[in-house]
Amino acid sequence: MDLFEYQARDLFETHGVPVLKGIVASTPEAARKAAEEIGGLTVVKAQVKVGGRGKAGGVRVAPTSAQAFDAADAILGMDIKGHTVNQVMVAQGADIAEEYYFSILLDRANRSYLAMCSVEGGMEIEILAKEKPEALAKVEVDPLTGIDEDKAREIVTAAGFETEVAEKVIPVLIKIWQVYYEEEATLVEVNPLVLTDDGDVIALDGKITLDDNADFRHDNRGALAESAGGLDILELKAKKNDLNYVKLDGSVGIIGNGAGLVMSTLDIVAAAGERHGGQRPANFLDIGGGASAESMAAGLDVILGDSQVRSVFVNVFGGITACDVVAKGIVGALDVLGDQATKPLVVRLDGNNVVEGRRILAEYNHPLVTVVEGMDAAADHAAHLANLAQHGQFATAN
């Protein structure tokens, strides 16, 4: 589960990571009151789970409460990479002397954790890693010992911190590790971690991804998911139906069974999209290896509820999940949705009970559904239909 910035900030504060005051607001008037409460210079920041907020105009400095009102009024309702801004965080301003980068993530390949740190923070980490890879220190963290003072010192030394600053950064890194470990996260990122003019080290912006498999051990997970839109409507609907769903910024909805197949589907749709107007995957949705007709129907309900989706590619290889079960789920979902189903579906079935699955869909003969043999051909057709829809040409799947 990805958290909003304000939720990450609250967890940081709970674990003693130094942060500035921040208040979440869902209306311009609430933002104005928040700015008054904080006092002085504030920054109004869009709360969305994608990068690039600043470039999109989603982060604005507000010297007065009236300007905080205006900033929130401009930001709320904004679309940033397919994500609608429903909330802003009004944050206390800071006099920044230096910006750093720090993150901890799960390193599955090496069965350990990886700490990444740089004295050049503030920019997107992908850009830093590409343009100045030598500026990004990477230090393996033993899961059994974590980040203690010795490990934190190793990290700041590798990153090239000056001695005086390093002594201030070390205790903050240890606190950030406590957030990662105690909250059972798979990613904690602070960008930037700043040194203020007063000499304080503060986590100015944070990103946290929590391990959903650990939800049962944490009483606060339900509140994080639902409080103030902790998940958007589609994510919440997927979570309630035990579907693995991640919203992306494309136009071709993806449903598959098994994470490996879905990941491959994302790649092949992206490649097909290059031939059809730059269409890209709209999501990752895995209904699971033992999916039922109900989970298939729930998955379709989620995808068809995304306004960014122009076509849907259902890619299933029948194993434990038989193709006829998937077909029945598609039929059931379309029956329930009725006239609300307006987006073409391209279905590729293979494996267990594929003949019966194709027969069910052929007899159903829905104008929005096309069954295509072969993953390449199906992905190409789904991208083609999304491209047609983008240019205002209504098209059924057939």
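The backbone N, Cα and C atoms fix where each Cβ goes, and this holds for glycine too.
Within the model, the domain 'ATP-grasp' (9-237) shows a mean pLDDT value of 93, rounded to a whole number. For 9-237, the entry in Swiss-Prot reads domain 'ATP-grasp'.
The annotation ATP binding site is assigned in Swiss-Prot to Lys45, Gly52, Arg53, Gly54, Ala94, Glu99. For Glu99 (ATP binding site), the number of other Cβ atoms no farther than 10 Å from its own Cβ, over all displayed protein chains, is 18. Glu99 (ATP binding site) falls within a strand segment according to DSSP.
Neighbours of Asn191 (Mg(2+) binding site), defined as other CB atoms within 10 A of its CB across all chains, total 23. Under DSSP, Asn191 (Mg(2+) binding site) is assigned to a strand (E or B) in the three-state scheme. Annotation comment: Swiss-Prot describes Asn191, Asp205 as Mg(2+) binding site, evidence class sequence analysis.
Sequence annotations record features per position, and here Swiss-Prot assigns substrate binding site to Asn257, Gly319, Ile320, Thr321. The secondary structure of Gly319 (substrate binding site), as reduced to three states from DSSP, is coil rather than helix or strand.
Among the binding-site residues listed (Asp205, Asn257, Gly319), Asp205 has its Cα nearest to the Cα of Lys45 (ATP binding site). Comparing Arg53 (ATP binding site) with Ile320 (substrate binding site), their Cα atoms are 42 Å apart once rounded.
Farthest C-alpha pair in the ATP-binding residues Lys45, Gly52, Arg53, Gly54, Ala94, Glu99: 21 Å apart. Within 10 Å of its Cβ, the residue among the binding-site residues Lys45, Gly52 with the fewest other Cβ atoms is Gly52.
The Cβ of Ile320 has fewer other Cβ atoms within 10 Å than any other of the binding-site residues Ala94, Ile320.
Of all the binding-site residues in the record (Asn191, Asp205, Asn257, Ile320), the one with the smallest CA separation from Ala94 (ATP binding site) is Asp205. For Asn257 (substrate binding site), the nearest neighbour among the binding-site residues Gly52, Glu99, Asn191, Asp205, judged by Cα separation, is Gly52.
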